[in-house]
Amino acid sequence: MQKKYYELFFIVEEQYKNLFLGFAFDLGIEAIEEKDNGIYIRSHESLEELSWALEIFAQKLTTTFNLNHKIISNLSLVEKENKDWIQEYKKGIKPILVDNVYIHTTWQEEKKNCINIKINPALAFGSGHHESTHSCVKFLQKFSKSKLRALDLGCGSGILGIIMAKFGCNVEICDTDELAIDSSLENARLNGVDFHKAWCGSIDKANGLYNLIVANIIADVILILEKDIKNHLEDNAILILSGILDKYSTRIKEKFQDLELIDEMQINEWCSFVYKNNKKDK
């Protein structure tokens, strides 16, 4: 074991966190931990170039989303004495129970009499601990039915798609990050389910209509995809929107007011909405 390793820490606004995680994974970084309201990246190799790249990436996101404030802060890089931080990382991840769905890692035991979802959090995009994921898991247990054609839009690690498949849905997944697709497919294999279709890209590449769509993505992207999402809803389809900070909830509701809002949930500052495709102009 090498005597030294490098640790990079930064804090990023919650709604952009997955973008930074995906960026780091794309660069081949695997040892990532979310802790202390921020993100730790550790490596035996120097992380100076990654630190610089993260700052450039943050600047580009600020320009893309027309923001007037920094979305990344407290960026620091230190050299530390080595320890088995992979084992430390494993100790810090706890399983999640949401009603009858039990989400756990590959090194944790299953729970009897529950729908067990096994996730390898090292692959990409988390292990289901986020508030918005919690809301989606709760809603999917209510609205997932056998034989429904379903889409996990922005699938990340594939948790939501796997849950829908466990309930008998014919699931398709998509994400703009190819690593997320690979992660979802591997996690599906771990859980003994298959996705009917998976592609790198967004809903504009989807074919046909869906009975159930779940989009656990940031509000800005939901607003951009609003028309495409609606155009792929079957009559009476269910649409679950999540990953929405409460300060954006009014904008989301205004954009989707032609659909019937049938349920909603807020955990801390994170909002989730469930719509039914009973359009008012029908």
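Using the three backbone atoms N, Cα and C, a Cβ is placed for every residue, glycine included.
Annotated S-adenosyl-L-methionine binding in Swiss-Prot involves Thr133, Gly154, Asp175 plus, out of the candidates Asn82, Asn216, Asn231, the residue Asn216. A helical conformation is recorded for Thr133 (S-adenosyl-L-methionine binding site) in the three-state DSSP classification. The number of other Cβ atoms within 10 Å of the Cβ belonging to Gly154 (S-adenosyl-L-methionine binding site), over all protein chains shown, comes to 26.
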